[in-house]
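S.K.: Heads up, here are the entries from TrEMBL:
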type     : residues                   : note
REGION   : B:1-32                     : region 'Disordered'
COMPBIAS : B:10-32                    : compositional bias 'Basic and acidic residues'
TRANSMEM : B:40-58                    : transmembrane segment
BINDING  : B:GLY46, B:ASN53, B:LEU426 : Na(+) binding site
TRANSMEM : B:70-91                    : transmembrane segment
TRANSMEM : B:112-140                  : transmembrane segment
TRANSMEM : B:192-215                  : transmembrane segment
TRANSMEM : B:227-254                  : transmembrane segment
TRANSMEM : B:274-291                  : transmembrane segment
TRANSMEM : B:303-324                  : transmembrane segment
TRANSMEM : B:414-435                  : transmembrane segment
TRANSMEM : B:456-481                  : transmembrane segment
TRANSMEM : B:487-510                  : transmembrane segment
TRANSMEM : B:531-550                  : transmembrane segment
TRANSMEM : B:579-606                  : transmembrane segment
Amino acid sequence: MLEKVSFLLLSFTLAEQLCKPGDPDGYKVRLSIKTALGENAYVWNDNEMFLFRATLAFAMTKQFDGQQFEVSDIIVCNQTARVSFWFVVTYPHNKTLVDKQVVERAVRKSRNRINSAFLLSDTTLEFIGIPPTLATPVNPSTPTWLIVFGVVMGAVCAGIIVVLVVSLVQRKRKKNETNEDTQVKTVENGAARDGVYYMSFSEDESSVTQM
Amino acid sequence: MRGVLPNPGLDHRIPNHEDLDRMEKEESGDRPKWDNKAQYILTCVGFCIGIGNVWRFPYLCQSHGGGAFLIPYLILLVLEGMPLLLLEFAIGQRLRKGSVGVWRAISPYLTGIGIASMLVSFLIGLYYNTLIAWIMWYLFNSFQDPLPWTQCPLSNNGTEFVPECQQSSTVEYYFYRVTLNSSASISDSGGIHWPIAVCLLGAWTVIAICYIRGIRTSGKAVYITSILPYIVLAIFLIRGLVLKGALSGIKFLYTPAVEELLKPSTWLDAGAQVFYALSIAWGGLISFSSYNPIHNNCMQDAVILSAVTGLTSVYAATVTYTIIGFMATDKYDHCISENIMTLLNVFDLPEESITIRNYEAVFSHLNSSYPDIVLGLNIKTCDMQKYLSEGVEGTGLAFIVFTEAITKMPGSPAWSVLFFIMLLCLGLSTLFGNIEGVVVPLKDLNVFPKKWPQEALTVTTCVVAFIISLLFAQHSGIYWVTLFDNFAGSIPLLTIGLFEMIAVVYIYGIDRFNADLEFMIGHKPSIFWQVLWRFISPLIILVILVFYLVGLAQEELTYLVWDLNSEEFPYLSLVSYPAWINAIIFLLAGVPTLAVPVYALCRLVFVCCKRKHVSRDK
């Protein structure tokens, strides 16, 4: 019993020594819960810290795919009222610190899962030193504007063609009408003239020209 | 007739009053007519109300003392704008011809005024349609969610955004890089940017179909293009008033600074704005009036149009400044929040210990306790006045400030579509008047064969204009647009306006003009109009012109460029024009202005030579 207590005390102090603010192999984490969730914000307490350590252990295990990381391998220190703290990760068997780059890779791989465990995002759950992954801009396969442009231009060109054809047809029709009109007019004029002759010089009926 | 220059043969060139009455009764002639008075008024309103009302007037209003600017604006609208407007309406209605025809009828030596109007309308039409092409591009790109100007492209290794976008903002990057792909100087042409060339084709095709049969087709189109902007402005007004910070924008706009009224530049800018706002000296208004019935009350029309233009300017300015107020408040809140977050992070204080309300108190406390740390943080000062007054004129307003404001509203694609349709309608209705001022003079000058129908004239003009406007599709296109805006649409218009007044008052004869008005509307214009036409309006225009030229001669010609490598990036940097630009400026501003005296001189020489020839033959 005494051995267990002394072992726990020893590991605790060892852990404290391992985790230091500014440690080259550690990361500072900063959470902005109230900014992200407003009224639905939860209070940061030991339970939440436990969840954090567990999530990080999950991320490390996923990265290594063989070694099983425990919650005790994630050591946290220097918690502030801001809700920020430092953490370091140790290997499960020999308690040596895991390299900074390895931790970064593990965090980046599971960043989404870590964020959603806390209902936060890349900007509200910050790992100082690990840049947030940028969302790729949405690029539709066919540029949308060409589709709209095609529709508009199609309508306008169809309109132009319709107007031109209609005016051409109208002009042809008018030309035909005026031709007929002049023919009819000359015929009528001829008849009128001959009618006058007919009325005044009745004996000249025979001289009326045939139509 | 007193105070009139000799003008022989005037009575032979123009129809007299009896002829006009007879022509009206018989409805002879193939001159097109308006279907109804509403079409005419809507066409004129659409012509006068353009994109400038949305993006030039609010800026002038705010930078020249807010509400106080309305005083010189309204005074000059009455003293300078209305008389010229009535002059153009009456002379067009009386002489029943387009701009070249009217001045040629008054005196063949004055044909130069009509030619100058046509050249100015053509040059303005070229760059104005480029603005329409840009608006169409944004309109076509608004049919997607998220809007394309909300995102930055990633750099090659995918870890961060492209530096040009990172340093400026997504909307500026989208405008200068994606839309225009602008080079760093006007000399650097960089070839043609094909999306803009395609949009230019679209813009000219739309104009072609709307104007294909002259006012018979454009008169139908104005029912939409003139009325829709008012409806959309109303929708945006309601939307804008509900946004946070809108009232601070309106307060900023209308807070009068009466000391601004003592500065001459305020009055100059007001006078110039009235001139351009009423689309005087473009030739389109003369043309439109010539299709009116002879006894149409043009005096009433002139007053109505001036009132409508003034009221619309105020209306559009209000809407614009609700949006600007919203944007400025948003930027201010963002700035303060960033500062708060920096302080929280550095001092590890719990969230919500610093709010916007106690920010000042906490900041001064921290500054006094830990001055070195606070100094090293580079806390930005958040100045609301600065946000309200920055970069809110011209293309910057529509394509940068407004597009950003729209992205912050819920349902942005719908608002974006609505906004750009409104701008499109505003621009198209102005272009109808513009193209009328180009095609009809070309017809009067017999540039086209007489057999050609109206459709052929419109299509030819649009094709030629499209090919020339490919100049603006280059990578340096935006700098050419600014150049045209500054020089093609300023000095020539003022000089043409001045010549028009002198021509009608002193060459046509003010007494004859009064008699014409009495014949057309039933009563002689009052002493108010007489004094304005004879002395006050020409004097005002002359003063504005002189001051403008003096100012132009004194300052060095510079322009703003979007240069990635300059120190002021992302702000636009001021660069001087290259030397060969002076030749271009002469072409833009000098040629139309000089067309009037040069044509008169040429004709004088020609007539003298012919007379000498004839007398020699005898």
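Cβ from N, Cα, C; glycine included.
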S.K.: Enter the number of other CB atoms within 10 angstroms of the CB of B:ASN53 (Na(+) binding site).
M.R.: 24
S.K.: Which residues, given as numbers and ranges, are at least 6 beyond the ends of the transmembrane segment (B:531-550) yet have a Cβ under 8 Å from it?
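M.R.: For the transmembrane segment (B:531-550), the list is 76, 79-80, 82-84, 87, 264, 268, 271-272, 275, 490-491, 494-495, 497-498, 501-502, 504-505, 510.
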S.K.: Please give me the CB contact count at 10 A for B:LEU426 (Na(+) binding site), counting all chains in the structure.
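M.R.: Result for B:LEU426 (Na(+) binding site): 27 neighbouring Cβ atoms inside 10 Å.
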S.K.: Quick one: do the transmembrane segment (B:112-140) and the transmembrane segment (B:70-91) reach 3+ CB pairs under 8 Å, ignoring pairs fewer than 6 apart in sequence?
M.R.: no
S.K.: Which one, B:40-58, B:274-291, B:303-324, B:414-435, B:487-510, has the most C-beta pairs under 8 Å toward the transmembrane segment (B:227-254)?
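M.R.: Going through each listed stretch, the top one turns out to be B:303-324.
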S.K.: Whose Cβ lies within 8 Å of the mean position of the Cβ atoms of B:GLY46, B:ASN53, B:LEU426, the Na(+) site, other than those residues?
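M.R.: Not counting the recorded site residues, we get B:VAL45, B:CYS48, B:ILE49, B:GLY50, B:ILE51, B:VAL54, B:SER226, B:PRO229, B:THR312, B:CYS425, B:GLY427, B:SER429, B:THR430.
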S.K.: So what sits near B:GLY46 (Na(+) binding site) in its own chain, CB-to-CB under 8 Å and at least six residues off in sequence?
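M.R.: Set apart from B:GLY46 (Na(+) binding site) by at least 6 residues yet with Cβ under 8 Å, we have B:VAL222, B:THR225, B:SER226, B:LEU426, B:SER429, B:THR430, B:PHE432, B:GLY433.
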S.K.: Can you tell me how the residues of the compositional bias 'Basic and acidic residues' (B:10-32) break down into helix, strand and coil by DSSP?
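M.R.: Per-class counts: 14 helix, 0 strand, 9 coil.
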S.K.: Go through the chain and flag residues at least 6 beyond the ends of the transmembrane segment (B:274-291) whose CB is under 8 A from any CB in it; none is fine as an answer.
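M.R.: Distant contacts of the transmembrane segment (B:274-291): 31-34, 40, 43-44, 47-48, 50, 52-53, 56-57, 73, 76-77, 80-81, 84-85, 88-93, 95-100, 102, 114, 117-118, 120-121, 124, 215, 298, 305-306, 309, 313, 430, 432-434, 436-437, 440-441, 489, 492-494, 496-497, 500, 541, 544.
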S.K.: Six or more residues out from either end of the transmembrane segment (B:192-215), which same-chain residues have a Cβ under 8 Å from its Cβ atoms?
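M.R.: For the transmembrane segment (B:192-215), the list is 32, 34, 43, 129-130, 132-134, 136-137, 140, 179-181, 221, 288, 291, 428, 431-432, 435-436, 439, 454-455, 458-459, 462-463, 465-466, 469-470, 472-475, 477.
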S.K.: Test of understanding: applying the rule of at least three C-beta pairs under 8 Å (pairs 6 or more apart in sequence), is the transmembrane segment (B:414-435) touching the transmembrane segment (B:40-58)?
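M.R.: Contact between the transmembrane segment (B:414-435) and the transmembrane segment (B:40-58): present, because at least 3 Cβ pairs are under 8 Å.
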S.K.: Could you tell me what the rest of the chain brings near the transmembrane segment (B:414-435), counting residues at least six beyond its ends with Cβ under 8 Å?
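M.R.: For the transmembrane segment (B:414-435), the far contacts come to 43-51, 53-54, 121, 124-125, 128-129, 131-132, 135-136, 138-139, 142-143, 147, 206-207, 210-211, 218, 221-222, 224-226, 228-229, 232-233, 235-236, 239, 279, 282, 284-285, 288, 398, 402-403, 406, 458, 461-462.
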S.K.: State the residues, same chain only, that lie 6 or more residues beyond the ends of the transmembrane segment (B:487-510) and have a CB under 8 A from a CB inside it; answer 'none' if no residue qualifies.
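M.R.: Sequence-remote neighbours of the transmembrane segment (B:487-510) are 1, 3-5, 7, 10, 83-84, 87-88, 91, 103, 106-107, 110, 113, 116-117, 119-120, 123-124, 127, 272, 275-276, 280-282, 530, 533-534, 537-538, 541-542, 544-545, 548-549, 552, 585, 588-589, 592-593, 596.
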S.K.: Against which stretches of its own chain does the transmembrane segment (B:456-481) lie, if we need a Cβ under 8 Å and a gap of at least six residues from its ends?
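M.R.: Apart from its flanks, the transmembrane segment (B:456-481) reaches 122, 125-127, 129-131, 133, 176, 180-183, 185-194, 196-197, 200-201, 204-205, 207-208, 211-214, 395, 435, 438-439, 442-443, 448, 559, 561-562.
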S.K.: When DSSP states are folded down to helix, strand and coil, where does B:LEU426 (Na(+) binding site) land?
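M.R.: Assignment for B:LEU426 (Na(+) binding site) reads helix.
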